[in-house]
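Over in Swiss-Prot, the protein carries these features:
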ACT_SITE  H89  active site, proton donor
BINDING   F22, T57, Y58, E59, T81, I82, I83, L114  5-amino-6-(D-ribitylamino)uracil binding site
BINDING   Q86, T87, R128  (2S)-2-hydroxy-3-oxobutyl phosphate binding site
Amino acid sequence: MNIIQSGITAENSSIAIIIARFNEFINKNLLLGALDTLKRIGQVHEENILKIYVPGTYEIPTIASYIAKSGKYDAIIAIGTIIKGQTDHFKYIANDTSSSLSRISAQYFLPITLGILTTKNIEQSIERSGTKMGNKGSDAALAALEMINVMKKLKKVIYY
């Protein structure tokens, strides 16, 4: 029986982070968590990290598709915050964004991890961006690091 498991060090990897500017004060903390994890735990060199800012979370998939198609990056981390308002608009944004990112990831065989918060209120967003509930940007970075290594090991098994 073959088993593929992997670590979280990926020092020679290139990672793109797409950050929504909408709800920037929360997304800034998610980004800081992701960057800290990539550099400190993953040993990723700063020059191998590309940060791209977009207007909102809904715009992230367009850029993710462009990056994925380039073949230059080992993973993408999506960072954004969607907070429920008075209408169901946030559901459509959240569903469309996550579905699109999942489709792009599968189409290009590229890990795309979600550091996107979908919360009922601003307090929940703050809690998940570095206070009580940890930092979901950091969690997304950890997932990206592990997936990079899993994909590298899987390619060796499949292609060699």
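Even glycines carry a Cβ here, placed using N, Cα and C.
Keep in mind that what you see is a predicted model, and the values were worked out from it rather than measured.
Using Cα positions, the member of the recorded positions Q86, T87, H89, R128 nearest to Y58 (5-amino-6-(D-ribitylamino)uracil binding site) is identified as H89. Comment: (2S)-2-hydroxy-3-oxobutyl phosphate site residues Q86, T87, R128; largest CA to CA distance 22 Å, whole number. Note: the Cα of T57 (5-amino-6-(D-ribitylamino)uracil binding site) and the Cα of the residue listed as 'active site, proton donor' are spaced 13 Å from each other. For the binding-site residues I82, I83, L114, counting C-beta atoms within 10 A of each C-beta gives the highest total at I82. According to its DSSP assignment, T81 (5-amino-6-(D-ribitylamino)uracil binding site) is in a strand.
Counting every protein chain shown, the Cβ of E59 (5-amino-6-(D-ribitylamino)uracil binding site) has 17 other Cβ atoms within 10 Å. Of all the Cβ atoms in the protein chains shown, 11 others lie within 10 Å of the Cβ of H89 (active site, proton donor). Taking the Cα atom of each, H89 (active site, proton donor) and F22 (5-amino-6-(D-ribitylamino)uracil binding site) are about 15 angstrom apart. Most buried of the binding-site residues F22, T57, Y58, Q86, R128, judged by other Cβ atoms within 10 Å, is T57. With the fewest other C-beta atoms within 10 Å around its C-beta, T87 stands out among the binding-site residues T81, T87.
Looking only at the binding-site residues Q86, T87, R128, the one with its C-alpha closest to L114 (5-amino-6-(D-ribitylamino)uracil binding site) is R128. Among the record's 5-amino-6-(D-ribitylamino)uracil binders, F22, T57, Y58, E59, T81, I82, I83, L114, no two C-alpha atoms are more than 16 Å apart, and one pair sits at exactly that spread.
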